[in-house]
Amino acid sequence: MTTATANKVKAPKKGFKLDRQMIPTLAAVVIFILMIIMGQALFGTYIRLGFISSLFIDHAYLIILAVAMTLPILTGGIDLSVGAIVAITAVVGLKLANAGVPAFLVMIIMLLIGAVFGLLAGTLIEEFNMQPFIATLSTMFLARGLASIISTDSLTFPQGNDFSFISNVIKIIDNPKISNDLSFNVGVIIALVVVVFGYVFLHHTRTGRTIYAIGGSRSSAELMGLPVKRTQYIIYLTSATLAALASIVYTANIGSAKNTVGVGWELDAVASVVIGGTIITGGFGYVLGSVLGSLVRSILDPLTSDFGVPAEWTTIVIGLMILVFVVLQRAVMAVGGDKK
């Protein structure tokens, strides 16, 4: 090799290379940190053990819903029924609890109801070739209607019910300052278990890899011999069952519910997933990103409350954030040459 030729050979570049698709997730990290800093600077309560504890305890159900919504969105689909499934399972669960049915059996029934709606959605999508939007819109109205038929009253758990163990607060650090303890409850533990399950399921199982493949190109996944139809059933079955689990955590924490509970929660879940960096057209995303997105969504509630802003403005902010993150995703994909 001549000296001239040798000079043309460039050494491989070293150092960290940022994946463009990670930009929306990193943006969510920055936004979350800025929101915490702003809240602390203006109100002095956001970098406190009590605030962090409340954030997780009060929004454990949203973390579960975010994981649930990640699955269909990764395939380019969506599950609009999760909020309505929360309603139907909450109403049925409270009715059964007040009738004296053991708590463990009530929870099993609630999960089975969610699974039935997920199975129905999967059937509509795979056997009747419905778009996920239409299929889950149908199951959303069905679940919401059934919840209203069963009861329109505000239902509460009976005294001494066995659901209370989910909401019982466990202190990790007993801070002498008022409302500044580091604590959690079983609902938070359930949410964290769901996050771990979602991570392992998506990144360390064949079904998880198939989900990403479907999001990339369903036709290509089918040509590769992947079990696309079975995977679609699993996706919507899992999503709906997790929605029922979110209902258990929420109703146990609040102690009551009615047929209108969960209205708009499907949009909160979608917002969490999109803000967390999952591509809305499918094929790329992380469960941990969705969890981060749910925390960004959750912190909006105390922020708007502390600013004295009407609750309606929270919805506007969420809508704008979804718009910004979808545009950011499209821009990143365009730069990367992805025409999907």
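We count from 1, first residue shown onward.
Placement of Cβ uses the backbone N, Cα and C atoms for every residue, glycine included.
According to Swiss-Prot, the feature transmembrane segment maps to 23-43 (among others). Panel annotation: around the transmembrane segment (23-43), residues 275-277, 286, 289, 292-293, 295-296, 299-300, 302-303, 306, 325, 328-329, 332 of the same chain, lying at least six beyond its termini, place a Cβ under 8 Å from a Cβ of the stretch.
Swiss-Prot lists 49-69 (among others) with the feature transmembrane segment.
According to Swiss-Prot, the feature transmembrane segment maps to 73-93 (among others).
Using a Cβ-Cβ cut-off under 8 Å and counting only residues 6 or more beyond its ends in the same chain, the transmembrane segment (101-121) has close neighbours at 79, 81, 85, 88-90, 92-93, 132, 135-136, 139, 142-143, 161-163, 233, 236-245, 247-248. Positions annotated as transmembrane segment by Swiss-Prot: 101-121 (among others).
Residues or ranges marked as transmembrane segment by Swiss-Prot on the basis of sequence analysis: 130-150 (among others). Within the chain, the transmembrane segment (130-150) has long-range Cβ neighbours (under 8 A, six or more residues past its boundaries) at 72, 77-81, 83-85, 87-88, 90-92, 95, 117, 120-121, 124, 236, 240, 259, 266.
The annotation transmembrane segment is assigned in Swiss-Prot to 182-202 (among others).
As annotated by Swiss-Prot, transmembrane segment applies to 234-254 (among others). Beyond the transmembrane segment (234-254), the same-chain residues lying 6 or more positions past its ends with a Cβ under 8 Å from any Cβ of the stretch are 57-58, 60-62, 64-65, 67-69, 71-72, 75, 77, 79, 81-83, 85-87, 89-90, 93-94, 107, 110-111, 113-119, 121-122, 125, 132, 136, 139, 157, 163-164, 166-167, 185, 187, 190-191, 194, 201, 207, 211, 261-262.
Cβ atoms under 8 Å from those of the transmembrane segment (273-293) belong to residues 21-22, 24-29, 31-32, 63, 66-67, 69-70, 73-77, 195, 198-199, 202, 212, 214-216, 321-322, 325-326, 329, 333, 340 of the same chain, restricted to positions at least 6 beyond its ends. The transmembrane segment feature in Swiss-Prot is assigned to 273-293 (among others).
The feature transmembrane segment is assigned by Swiss-Prot to 307-327 (among others).
Scored on C-beta pairs under 8 angstroms, the neighbour of the transmembrane segment (182-202) with the top count among 49-69, 73-93, 307-327 is 49-69.
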